[in-house]
């Protein structure tokens, strides 16, 4: 009735009166975004397809650009001004400001966030790493520099150049750690940065990015440091953290990024420790100590592939040409390394 010519558009005033007269239960934040979209186009009209996409929480790069290029900002104040929030909602707001650099994305995440599915991947990986560490610590009675124990390096989980045919080792080494220091650093970053990233971007994207960093780390060691074994989840951790840091730096709009700042300081110390253990071990060992090249490989994966994943919040990666270029580049690296 409001669109007799079936154009797919109606005036924004007509739509506002429709919502008011029928008392439609629309999310106020989504309604604000729809109005901003309408004021961003030439006709100042509400598009039916944009309404459908908005209500179904579907976004695309063109949809995001339309909002960003609107003639005025969304009328509400920033999330930090909202009062009376419960503990969980305050935590969600904290995650939004730590992870997402754009105010519009923060608001979108805050209002459409759902508790299901929970961020189980990073929590499960961290828990498994702790259990494996405790089992080997109790068995060997050694909690620091475990790699100096011969039996530890014979584990079927450790990546070792002499056992490249056992392909599972290229991934399972992430559950083994040099000692309490490395485990503590990786677990801290996985919980402080990995879990919030998974809450925002979902289990599929973050697990893919983490495992891509882990696999790139072991393959890089296999062609650059061919005598050294490899333990620890640093490849995956560095992929997540470097992607988050790069995203914050490139698109920063007031992101607090306390965890990111902590990660930068920790990166320097962690890489320095790894280099020191590799070339100047404190104790004599029967063979080379674990390589540090996985750190660098993970960082490169994060800055390249991970940056695209995190910048495409709530958008389809399959529709982006850059994503396929990066995926092809990563696949070419894997073939070359193998």
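Backbone N, Cα and C define each Cβ position, glycine as well.
If you look up TrEMBL, you'll see 166-311 marked as domain 'Peptidase S54 rhomboid'.
Per TrEMBL, the feature transmembrane segment maps to 199-221 (among others). If you look at the transmembrane segment (199-221), the same-chain residues 6 or more away from its ends with a CB under 8 A from one of its CBs are 92, 95-96, 99-100, 109, 113, 117, 119-122, 125, 159, 161, 169-171, 173-174, 228, 230, 233-240, 243, 291, 293-298, 300-302, 305-306, 309-310, 313, 317, 330, 333-334, 337-338.
Feature annotation from TrEMBL assigns transmembrane segment to 228-246 (among others). Long-range contacts of the transmembrane segment (228-246) within the same chain: residues 99, 125, 129, 147, 153, 158-161, 173-178, 182-183, 186, 189-190, 193-194, 197, 206, 209-218, 221, 260, 263-264, 267, 270, 274, 278, 287-291, 294-303, 305-307, 309-310, each at least 6 residues beyond the stretch ends and with a Cβ under 8 Å from a Cβ of the stretch.
Residues or ranges marked as active site, nucleophile in TrEMBL: 234.
According to TrEMBL, the feature transmembrane segment maps to 292-309 (among others).
Residues or ranges marked as active site by TrEMBL: 295. Of all Cβ atoms in the shown protein chains, 23 besides its own fall within 10 Å of the Cβ of residue 295 (active site).
As annotated by TrEMBL, transmembrane segment applies to 321-337 (among others). Tertiary proximity for the transmembrane segment (321-337) is limited to same-chain residues at least six positions away from its ends with a CB under 8 Å from its CB atoms, namely 212, 215-216, 219-220, 222-223, 301, 304-305, 308-309, 312.
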Cβ neighbour count (within 10 Å, all chains shown) around residue 234 (active site, nucleophile): 33
